[in-house]
Amino acid sequence: MAKYIVLLGPPGAGKGTQAAVLSKALELAHISSGDIFRENLKAQTELGKLAQTFMSRGELVPDDVTIAMIEERLSRPDCAQGALLDGFPRTPAQAQALADMLAKTGGKVDAVPYIAVPAEELIQRLSGRWTCRAEGHVYHQVFNPPQKAGVCDVDGSELYQRDDDKSETVERRIRVYMEQTAPLIAFYREKGLLMDVDGTRPIDEVSKTLLAAFGKEL
């Protein structure tokens, strides 16, 4: 029986790291909505071109286009045993569409781990990031500082802070995420699928908790 897991967590919660650990341990394809969009846009698929028409006008891509992209990706052979979904669904409407989609082949969402981290810690994690101009090496002023302030250890180029990593942008991203995702968390909690995971702990401990929930060890 195919297994489907939806991994939730705000920006800076370490969702990408944990998705890689979980998908490898459970032998599930890691399906990132961001990757799917980029792939469709780059390949200029019909869905990609359709999405581009909305994006070029600064509009949100409609659910039916996003859902069609997800459905096409889940139909590929590497998803025969199921998948770990990251970045989709984002709303209760999308969650219901996913449930309906999986039901066509007798599947269902089995679990929804939610990596929870307080907003203040997320801001500290994300707004401390600095990037080197030459190769894009990433540093953190608290967790992974360069040996010399403002200079990349690897190539000696200047470090700068991307607009996305500035504290006011970070605060806005987190606020928007929390507002948009609260109904989705309530949707899955009501269905008894939500699994709260404390994301403030070290990465390995979070991984162990997630894997243990699925009968695996790190």
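Glycine residues also receive a Cβ, built from the backbone N, Cα and C atoms like all the rest.
What TrEMBL says about this protein:
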type    : residues                                                                             : note
BINDING : GLY12, ALA13, GLY14, LYS15, GLY16, THR17, ARG129, VAL138, TYR139, ARG201             : ATP binding site
REGION  : 32-61                                                                                : region 'NMP'
BINDING : SER33, ARG38, GLU59, LEU60, VAL61, GLY87, PHE88, PRO89, ARG90, GLN94, ARG162, ARG173 : AMP binding site
REGION  : 128-165                                                                              : region 'LID'
DOMAIN  : 129-164                                                                              : domain 'Adenylate kinase active site lid'
Neighbourhood of GLY16 (ATP binding site), C-beta criterion under 8 angstroms, separation at least six: SER32, ASP86
Collapsed DSSP category at GLY14 (ATP binding site): coil
Which binding-site residues sit within 10 Å of ARG162 (AMP binding site) - Cα, from GLY12, GLY14, ARG129, TYR139: ARG129
Local Cβ density at TYR139 (ATP binding site) - other Cβ atoms counted within 10 Å: 20
Those binding-site residues listed as GLU59, ARG162, and which of them has the most Cβ atoms within 10 Å of its own Cβ: ARG162
Most Cβ neighbours inside 10 Å, all chains, among the binding-site residues GLY14, SER33, PHE88: PHE88
Site with most surrounding Cβ atoms, counting all protein chains shown within 10 Å, from the binding-site residues ARG90, ARG129: ARG129
Of the binding-site residues listed as SER33, PHE88, ARG90, the one whose CA lies nearest the CA of TYR139 (ATP binding site): SER33
From GLY12, GLY14, ARG129: binding-site residues whose CA lies within 10 A of GLU59 (AMP binding site): none
